Amino acid sequence: MSWQQRVDDALTARRATDTLRRRYVVSQGAGRWLVANGRQYLNFSSNDYLGLSQHPQIIRAWQQAATRFGVGSGGSGHISGYSVAHQALEEELAQWLGYPRALLFISGFAANQAVITALMKKNDRIVADRLSHASLLEAANLSPAQLRRFIHNDTQHLSRLLQSPCVGQQLVVTEGVYSMDGDSAPLAEIQHIARRHHAWLLVDDAHGIGVTGDEGRGTCWQRGVKPELLVVTFGKGFGVSGAAVLCSESVADYLLQFARHLVYSTSMPPAQAQALSASLAVIRSDEGRERREKLAALVQRFRAGVNASRFTLLNAHSAIQPLIVGDNSRALRLAEALRQQGCWATAIRPPTVPVGTARLRLTLTQAHEACDIDRLLEVLHGAGE
């Protein structure tokens, strides 16, 4: 088979199963409204949960820092790219979340890949929730360790897998809030089981940090759990981009030596780090608390309204509210029907989610108003097939 034939066959297979992904060009993609092709839509696809991407204080912080530092970092943090802005943000994050150290990464994907591939060795085992993010599962597959996946949120299955003999170390991998289902992991029980088997715990709290817990400290803080490795990302609740790993002093020093994504990548712009510090200040403030309370009320309003519909609603109380429709083509038709009525929603299909669970992944944000939720519900009730 030629290279071109391989490419063509893969694309043909995706088209045949209605799983071909595409990008949409937008002129505004975050906030209450999405603007595409000159038309304005209510935006139910954004991860900007607290509406901070449009916050004037954060925008101003980025602009001022760009004037001071320039628009790029100039290199890896190991060479010339670790600025006072990066250092300040790392120290603020560590203090906020109660860890000795925080290390910044350019993305959550890079952070997960770096930590797992740096830590895991040939005789080790990774035990991951089977619905873990692609960055976690891909990192596990790329590492020399054995990967075992436990049934979603099934702590008994997790315990059985950890009990089987392992010559090396074991790492349990889970998420705080699951990106496609919107539900939360039983973190306290998972941590208890991991410690009983002398395993370390890695929690990716991309969709919980900033949005849940006291001062927005996330799902782990809310549940009284402190994993050995906590990954937080900044493209959701923080409204910016990037990520950080929270860990011990020695693990941070280890990652600075062996995490290749950290060593060999240009660090985030200092202006971005400064904007993230400003975002953290908003998250921790009374304004941040009010934004979280408003979002929680909107989620409750949506769930109360959709319960009477024909759609299957998962047990999700986060900003992520997936409506399971099952069939790929039906999910695409439903997303298009909503867009025709002025509501932008995204159809999620395999391989992102398991076969037979295609869905509309609706995300609510603090930027929405109650009337927006009511409009979405009205359109959904009229769009069922």
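Heads up, the Cβ atoms here are built off N, Cα and C, so glycines get one too.
What Swiss-Prot records for the substrate site is R21, H133, and among T266, T312, T352 the residue it adds there is T352. Comparing the binding-site residues S179, T233, T352 by how many other C-beta atoms lie within 10 angstroms of each C-beta, the top residue is T233. Of all the recorded positions in the list R21, H133, K236, T352, the shortest Cα-Cα distance to S179 (pyridoxal 5'-phosphate binding site) is found for H133. Between the listed recorded positions, namely R21, H133, H207, K236, the fewest other CB atoms within 10 angstroms of a CB are found at R21. A C-beta separation below 8 Å, combined with a sequence spacing of at least six in one chain, links G108 (pyridoxal 5'-phosphate binding site) to H133, S135, D204, A206, V231, T233, G235, A243.
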